[in-house]
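Chemist: The structure is given below, and queries will be raised subsequently.
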Amino acid sequence: MENGSWQLVLTRFQQSILDLLFLYLPNLVGALLIFLVGWLIAGVASRVVSGILQRVNFQKLLGENFNLQLFENTTLRIDAPRLSGQVTYWFLFVTSVLLAADAANLPQVEQFVTGLFTYVPQILSALAIVLLAVVLGSLLRRIIVASLPAGYAYVGSAVQALIYGLALLAALAELGISRVVIYILIGGIVGLVTISGGIAFGLGGREAAREIIDQIRKPREP
């Protein structure tokens, strides 16, 4: 009697698993097909967009050498066709994931991807702020360096660094990062600059201080 009851339980369990599998299998297969098709479309669209922009010489429209001078000896080159292709790819890829999650009836994944979509505008705004700061900082530095004597080139670098710092704070605020974290970051940067300046001043002024002390210790000539 006991063995029969266990066999009945196992049989019902297996039957329920099979029913659930056959019930959910079409949705799973459909979601997988949607994801694969979306992935292929994203790859093809990315190559098409990059190829079209390269054929129309979109890079030359932005400038023969679209280089942004981040600092004095650091240059950033932006490949506009490739960047546009990557943006197209990830947009279509995330869209295919969202459609596949909807077809598979996975509300958790769908909510997660939807949350990412709602956060994308803030990320794009932050990236736009940083990119604008890089362009503006590079332009102002070139103008200042060209208009001032050679010995005052550091003024352009200082203005560029100030613009980068303000852009970083604006980007962090746009991303919704807590002000406390921003204040801690500012304090850490200020402390690091202060310590570095103190060490540099100490190492550089050591010889001068030694010369002054030696002159004081020398006996005065009659």
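A Cβ is built for glycine as well, from the same backbone N, Cα and C atoms used for every other residue.
Feature table excerpt (TrEMBL):
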TRANSMEM  20-45  transmembrane segment
TRANSMEM  87-107  transmembrane segment
TRANSMEM  119-140  transmembrane segment
TRANSMEM  152-174  transmembrane segment
TRANSMEM  180-203  transmembrane segment
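In the displayed structure, how are the listed features positioned relative to their neighbours?
Modeler: Remote same-chain residues near the transmembrane segment (87-107) are listed as 24, 27-28, 30-32, 34-35, 37-39, 41-43, 45-46, 49, 113-114, 116-117 (criterion: CB distance under 8 Å, separation of at least six residues from the stretch ends).
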Chemist: Checking distant contacts: for the transmembrane segment (20-45), what same-chain residues at least six beyond its ends satisfy Cβ-Cβ under 8 A?
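Modeler: Beyond its ends, the transmembrane segment (20-45) has Cβ neighbours at 88-93, 95-97, 99-101, 103-106.
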